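Asker: Take this structure, written in structure tokens, and hold onto it; I'll ask about it next.
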Amino acid sequence: MSDSLIDLLLEIGKALIVLVGIVGAGAFMSFIERRLLALWQDRYGPNRVGPFGLLQLAADMIKMFFKEDWIPPFADRRIFVLAPIIAFTAFILAFAVVPITPTWGVADLNVGLLYILAIAGLAVYAVLFAGWSSNNKYSLLGSLRASAQTLSYEVFLGLSLMGIVIQTGSFNLRDIVEAQAGLWNVIPQILGFITFLFAGVAVTHRHPFDQPEAEQELADGYHIEYAGMKWGLFFVGEYIGIVLISSLIVTLFFGGWHGPWLPPFIWFALKTACFMVFFILLRASLPRPRFDQVMSFGWKVCLPLTLLNMLVTGAVVLMNAQ
């Protein structure tokens, strides 16, 4: 067997391991969310299936698998089926350039940040396809809300990272992590971190920025007509998006795998888990604002913060260069 074939098989195996880990983390987060919400609300939560309710996730997956695969009679069948597939795969593909350890990662691209922003933007098409193809007014309104919110906050998501690019001089995520060996970016880039955090919550449509799925207004939004495994793809895709944003926060602002004593993978996993719990805490503690307030907050607060961060970072870099 040639060396090139062995290298190819190793890369495929590495990609499969990362894929299984990402999907497993996203699915397991749904269980952790239910348990933590129950703990904070002084109730039990899922605790009947398996020890401590750990097999509840498997029971839910079996239930979704055997549910009727129903498509509305007036829906556009092809686009209706395509939408959840895009939603599920977009965030998974973005993980290809996230460096987990100094030696572990699927791909090492010099334009890694641009790749993530471009791939994550594909999720907008999934939302639009789902709302339009369902032939349901609530689905359409939810998809319009989601697309407007996502497109707006992706602008702030990208601009909040320009300070890091100016500071490190690279779009490569591995170079950005290596540059944080002495000082994490969250300290000099505190404005960028705050804006990225707000934008990340909005892009993943998580509470309190979950207006596209507001049950009281839109009856669960753009995936109201979905059931079974199609709904499951949307569901797991949302949690994979949370894992992606949490890992990006760790990679870009909190030193990635850097940390004392413990192995790099453990540090990366612990930091990512902390921000995943933070997402759950937001759902448990904050009310949902109106949609116009969410959009106004983005353009009137997040945009000026990102521009100010870019201006200050550029000025500091120029002063240090002289």
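In case you wondered, yes, glycine gets a Cβ from its N, Cα and C as well.
Swiss-Prot lists these features:
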- 12-32: transmembrane segment (TRANSMEM)
- 79-99: transmembrane segment (TRANSMEM)
- 111-131: transmembrane segment (TRANSMEM)
- 151-171: transmembrane segment (TRANSMEM)
- 183-203: transmembrane segment (TRANSMEM)
- 234-254: transmembrane segment (TRANSMEM)
- 262-282: transmembrane segment (TRANSMEM)
- 301-321: transmembrane segment (TRANSMEM)
Asker: Under 8 Å between C-beta atoms and at least six residues away from its ends: which parts of the chain pack against the transmembrane segment (151-171)?
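Answerer: Residues 110-114, 117, 120-121, 124, 179, 185, 188-189, 191-193, 195-196, 198-200, 202-203, 209, 252-253, 295, 298-299, 302-303, 305-307, 309-310, 312-314, 317 contact the transmembrane segment (151-171) from elsewhere in the chain.
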Asker: Give residue numbers and ranges for long-range contacts of the transmembrane segment (111-131): same chain, 6 or more residues beyond its ends, CB-CB under 8 A.
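Answerer: Contacts with the transmembrane segment (111-131): 79-80, 82-87, 90-91, 93-94, 96-98, 139-144, 146-147, 150-151, 154, 157-158, 161, 165, 171-174, 203, 212, 222-223, 226, 234, 237, 241, 244, 248.
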